[in-house]
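The following features are taken from Swiss-Prot:
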type    : residues                              : note
BINDING : G79, N110                             : anthranilate 1 binding site
BINDING : G79, 82-83, S87, 89-92, 107-115, T119 : 5-phospho-alpha-D-ribose 1-diphosphate binding site
BINDING : S91, E225                             : Mg(2+) 1 binding site
BINDING : R165                                  : anthranilate 2 binding site
BINDING : D224, E225                            : Mg(2+) 2 binding site
Amino acid sequence: MIKEAIAKLVKKEDLTAGQMNDVMEEIMTGEATDAQKAAFLTALAAKGETIDEITAAARVLRAHCEKFLNDMDVLEIVGTGGDGSNSINISTLASIIVSAAGIPVAKHGNRAASSKCGTADCLEALGVKIDAAPARMAQILKDINICFLFAQKYHPAMRFVGGVRKEIGIRTLFNILGPLANPAGASMQLFGVYSEELVEPLAHVLHNLGCKRAMTIYGMDSIDEISLSADTKVCEFKGDEFKSYTIKPEDFGFTRCKKEDLAGGEPAVNARIARDILEGAEGPKTDVVLLNAGAAIYLASDGITMKEGIEKAREIIKSGAAKKQLERFIEETNK
C-alpha cells in the first residue's frame with residue numbers, strides 16, 4: 001500500500017482514512033523500507049496533512065503503544081515541539097501546578113530533540129524518576145494527580161521511524177502524532193502546535209479521537225505554548241462546540257516580554273529555574289507559566305473564566321502547594 005500512497009501524494013491527492021491506516025500499519029510493524037518511509041513522509045509533508053489523515057494515523061500509533069491502565073479523565077499539557085525557542089519547560093511546570101489544583105495530569109514526553117532540555121530531561125534533573133514502571137505511575141496518578149509517561153518506554157514501534165526522521169531532517173507527520181498518542185488517553189488537552197495553519201485542524205483531530213475538551217494553541221512568535229511575548233491563536237472546544245479566538249497577555253494583566261526573556265538552558269539550568277518559579281519568584285518566566293497553567297485549569301473546570309484559572313494558579317504557587325506537589329512527585333517516583 002505504501003507505494004500506491006506515495007504515488008497519490010506526489011500528485012497532491014489526499015489519502016482516505018483506510019489508506020492511511022494501511023500505510024501506518026506497514027510502517028509501525030517494520031514492513032516498509034527506510035526509502036519508502038522517507039518518500040512517504042516527505043511527500044505527505046509537501047502535500048499537507050488532512051484532518052482525516054492525521055486522525056487515522058494517530059489511531060494506529062495509539063493501537064501500537066504499550067497500555068497504561070487509567071480510568072480517570074486526565075488532562076495533558078503538551079506541544080508538538082520543534083519551535084526552536086529553547087524556552088524554559090513551560091508545560092512541565094504548568095502540569096505540576098494544575099495537578100496541585102486537584103486536576104489529574106498525565107504528562108507524556110521525551111528527551112530533547114531540537115531544544116536543550118525536554119520534559120524528561122527537566123523532570124530527571126529535578127529528581128523525578130522518569131522511567132518508573134507503568135503500574136507504579138498509574139498508582140502515583142491516582143494518589144497525587146500527576147504522572148509522567150516516558151514516550152520511548154510506551155512507543156516501541158517508533159523505533160521504525162526514528163532513523164528516517166533524523167536523516168530527512170524536516171518536520172513530518174510524526175511531529176504531530178507523538179503528542180496525540182498519550183498512553184493514558186487524555187480526555188482534556190492544552191495542545192501547542194508549531195504552525196498557525198494547524199490550530200483549527202488539530203482541534204478537530206482531537207475531537208475525532210474522543211477528546212472531551214481541548215484548546216489548540218499557537219504563539220504568534222512561533223512558540224507552541226500560550227505566549228507572553230506575542231498574541232496566541234486558539235481553537236477551543238468543550239463537547240461539540242468549537243470557538244476560535246486570540247489571547248493577548250495584557251488581557252490578563254501581564255506585561256508583554258521579549259521572547260528571549262523566556263529562554264532556558266541545559267537541564268540543570270531549567271531545573272533551577274523551575275524550583276525558583278514554584279517557590280514564588282516573580283518575572284516573565286513565572287508569568288508565562290501562570291498563563292498556561294491558568295488556561296489549563298479553566299479548560300478542565302466548569303463555570304470559571306480563564307482569568308479565574310490564572311488567579312487559582314497564582315494562589316497555588318503562593319500557598320506553597322506547587323512546591324509541595326513537586327516534592328511529592330519526586331518522593332513517590334523514587335519509592
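One is the number of the first residue shown, and numbering goes on along the chain from there.
Placement of Cβ uses the backbone N, Cα and C atoms for every residue, glycine included.
Sequence features annotated in Swiss-Prot and their locations in the structure.
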residue: G79; record: anthranilate 1 binding site; DSSP (3 states): strand
residue: S87; record: 5-phospho-alpha-D-ribose 1-diphosphate binding site; DSSP (3 states): strand
residue: H108; record: 5-phospho-alpha-D-ribose 1-diphosphate binding site; DSSP (3 states): strand
residue: R165; record: anthranilate 2 binding site; DSSP (3 states): helix
residue: D224; record: Mg(2+) 2 binding site; DSSP (3 states): coil
Packing count at the residue listed as 'anthranilate 2 binding site' (other Cβ atoms within 10 Å of its Cβ): 19
Which of H108, R111, all binding-site residues, has a Cβ with the fewest other Cβ atoms inside 10 Å: R111
Candidates S87, S91, H108, R111, R165 (binding-site residues) - the one closest to G79 (anthranilate 1 binding site) by CA: S91
Top Cα neighbour of the residue listed as 'anthranilate 2 binding site' in the set of binding-site residues S87, S91, N110: N110
In sequence order, the binding-site residues (S91, H108, N110, R111) whose C-alpha falls within 10 A of E225 (Mg(2+) 1 binding site): S91
S87 (5-phospho-alpha-D-ribose 1-diphosphate binding site) CB neighbourhood, other CB atoms within 10 A: 27
Nearest of the binding-site residues (S87, H108, R111) to D224 (Mg(2+) 2 binding site) - Cα to Cα: S87
Intrachain C-beta neighbours of N110 (anthranilate 1 binding site), sequence separation six or more, cut-off 8 angstroms: G118, T119, A120, F150, A151, Q152, G178
Neighbourhood of S91 (5-phospho-alpha-D-ribose 1-diphosphate binding site), C-beta criterion under 8 angstroms, separation at least six: I77, V78, G79, K107, T119, L190, G192, E225, N292
